[in-house]
Amino acid sequence: MAKLIFLFATLALFVLLANASIQTTVIEVDEEEDNQLWRCQRQFLQHQRLRACQRFIHRRAQFGGQPDELEDEVEDDNDDENQPRRPALRQCCNQLRQVDRPCVCPVLRQAAQQVLQRQIIQGPQQLRRLFDAARNLPNICNIPNIGACPFRAWP
């Protein structure tokens with residue numbers, strides 16, 4: 001009988017330890033996710049909220065078209081007169097290449113959401129084009145190892 005009680009006590013201790021380690025793992029994953037989100041938010045702000053990408057996304061949402069048709073779109077938000085004015089798509093791609101790979105899709109989602117908040121989007125077709133443009137920018141800009149971003153059209 002004493003052996004049976006000892007066996008059950010040992011088994012209960014193992015279950016308790018396994019449960020505690022599972023909870024610790026979950027907490028560590030949550031902290032890691034929070035750090036990743038914070039790092040991506042910092043990069044979004046550091047790269048001027050990807051204004052060139054926002055401009056490109058906005059034009060694609062409103063007018064559709066292929067990226068090469070919008071290549072001549074010039075970034076208007078250029079306050080520094082010493083910097084040459086460059087097409088919005090090219091400037092967007094340059095900004096995206098400076099973002100850490102794990103943050104590319106999160107910052108593009110933020111850029112699309114900012115366009116959605118600031119601009120008048122008329123109907124579901126423009127909304128779909130807006131998020132399609134943001135989702136496909138890594139492919140358009142040839143960002144290695146990213147492909148299309150996995151977010152959906154509804155923020």
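A Cβ is built for glycine as well, from the same backbone N, Cα and C atoms used for every other residue.
Of the candidates Q36, Q46, Q122, Swiss-Prot marks one as pyrrolidone carboxylic acid, and that one is Q36. Per Swiss-Prot, the disulphide partner of C105 among C53, C141, C149 is C149. If you go by Swiss-Prot, C141 shares a disulfide bond with C93, out of C92, C93. Separation of the C-alpha atoms of C141 (disulfide bond) and C149 (disulfide bond): 13 Å, rounded to the nearest whole number. Taking only the Cα positions, the spacing between Q36 (pyrrolidone carboxylic acid) and C93 (disulfide bond) is 22 angstrom. For the pair C149 (disulfide bond) and C93 (disulfide bond), the C-alpha distance works out to 15 angstrom.
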